[in-house]
C-alpha cells in the first residue's frame, strides 16, 4: 500500500514537472515570436519602462477633464464648464477638452473613447498588471457620460460645445471661462454621418468594456450605439459639409469609413450578423479594399480592416465566417497595411533617419503611434491564433517583426531619437517644457480672463506640467522646437493620448488575446 502511495506521489510530481516544462517552452517560443500562447493567457513579466510610461500617459486625461471634478489628482485643475449644455436642457459639463484649447469636439472625442475601449478590451489584463486599468476606465467613463447626454433622442446628437474661433482668440484657464459656449448638433436635416457613426462605434466598444463592470450601463451604451448607427446610415452626409466653418479644425474627408467602423464594432458587441453583412455586402466598396491606408481620427479604414481580421483569425475552421471571401479581402488589406509598416518590407513606407514612420507634418506622431498600435494588435492576433508568417511580396515576416516595429515607434517617442527628448510630457529626464496648453501655461493663482496672452508669449517654461501630454512631434528631419507658439509640433490632443495608451498597454507584457471581445 505504501509503495502505491509513493508511486502516485512520484507520478504527480512528474506530471507537474512536465506541465511546468511545457509552459516554459511555450512561453519562450512566444517571446521569440514562435508558436501559440495558450488561452486564456496570463500577462507575462511586466516591462516597467512601458508600464511607467503608461502611468504617465493616462494622467493627461485627468488634465483634460471638464465639469465637476471627482477625486482630482491634478493640483492646478479645478471645476470648469459647469453650464455646458444648459441652454438645451442637457448636461454636457463632462467630456474632455480637445487639446490646448477648451473646445469639446465630438468627432475626435468619440474616437478617443473608441480607442480607449479597444485598448482595454485587448490589453485590460496587461493594464491591470501595471495597475492602470482603473485609470483607463475612469477616463473612458468621463467621456461616455458626456456622449450619452449628447444623444438625447434618436435623431439628435450634440457634436460640439464652444465656438472654435472665439475660443482660440482667448488664452485663459478653463476654470476662469466666462465666454458663451454655443452648442452644435446634427439632425436629419443637418446630417453628420461621420460623427454619429464614430459615436456609435464608441458606444458599442465601451458597451463591451462595461459588460462585466456594469451591465445596466453596458446595455444603455449599446442601445445608444445601435440607434446612432441607424441615424448615421439613414441620414447620410458629412458634418463638415453641413457645417463648412468646422472644416478648418477637424475636417472629415468622408463618412463612409466611419459607417464601416461602427458596423464592425456593433457586430463585435451584439453578434448580430446583419452588422457584419453591412460591412461585407454592397457597402464593402466604402473600404477601398486592396489599397492600404494609415489609421487616424479621420480615416478608420485600416482600423476596420484589423478589427474585422480579428473575426477571420479566430473563426472556427469550416465556418461560414472563415470562408467569407469579403472578410478574406479585409484581412488581405490588413496584411498590406502591416507590410507598409515593416521597415524591411519591399513596400515599406518612409521613415526619418531616426526611424520614425513619417506620414504628415502636422501632429507627426499620430500616424506612427496609431500604426504601431495596429501592428502590436495584429502581431498578437497572429500569435494567439497560431499564424506564424505574414507574406509581404513573397517575403516572410513573423509576429515578432511586427512587435519589433511597434516597440521602435514607442521607443522613439519615449526618447530614443536624435533629439534625445521624450515627446511624452512627464516621462524621462527631458521633455517639452512649453507645451501649447492654456491651463498648463498660466499659474493657478492668477486671475486672468480671455486676455491672458502674455502667458502664451512668455519664453519661460510652463508653470504647470501637462503630465501625459503626447505633443505633435518632430519634423521630417527629426528636429523639434519646444516653443509654445509652435502649435504644429508642441500641442497635445486627447486622441493622441488614447493612441499612445493603447500602444504602451500592448507592450507592457506578453499574453494571448481572447478569441472574442464579448
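Using the three backbone atoms N, Cα and C, a Cβ is placed for every residue, glycine included.
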Can you dig out which of the ranges 15-35, 36-56 Swiss-Prot describes as transmembrane segment?
36-56
Residue 436 (active site) as reference: those recorded positions from 101, 251, 491 with C-alpha within 10 Å of it:
101, 491
Averaged pLDDT, computed only over the residues in the topological domain 'Cytoplasmic' (1-35):
45
Counting other CB atoms within 10 A of each CB, which of the active-site residues 101, 482, 491 comes out lowest?
482
If you count other Cβ atoms within 10 Å of each one's Cβ, which of the recorded positions 71, 272, 436, 477 has the most?
436
For residue 101 (active site, nucleophile), identify the closest of the recorded positions 71, 214, 251, 272, 491, judging by Cα separation.
491
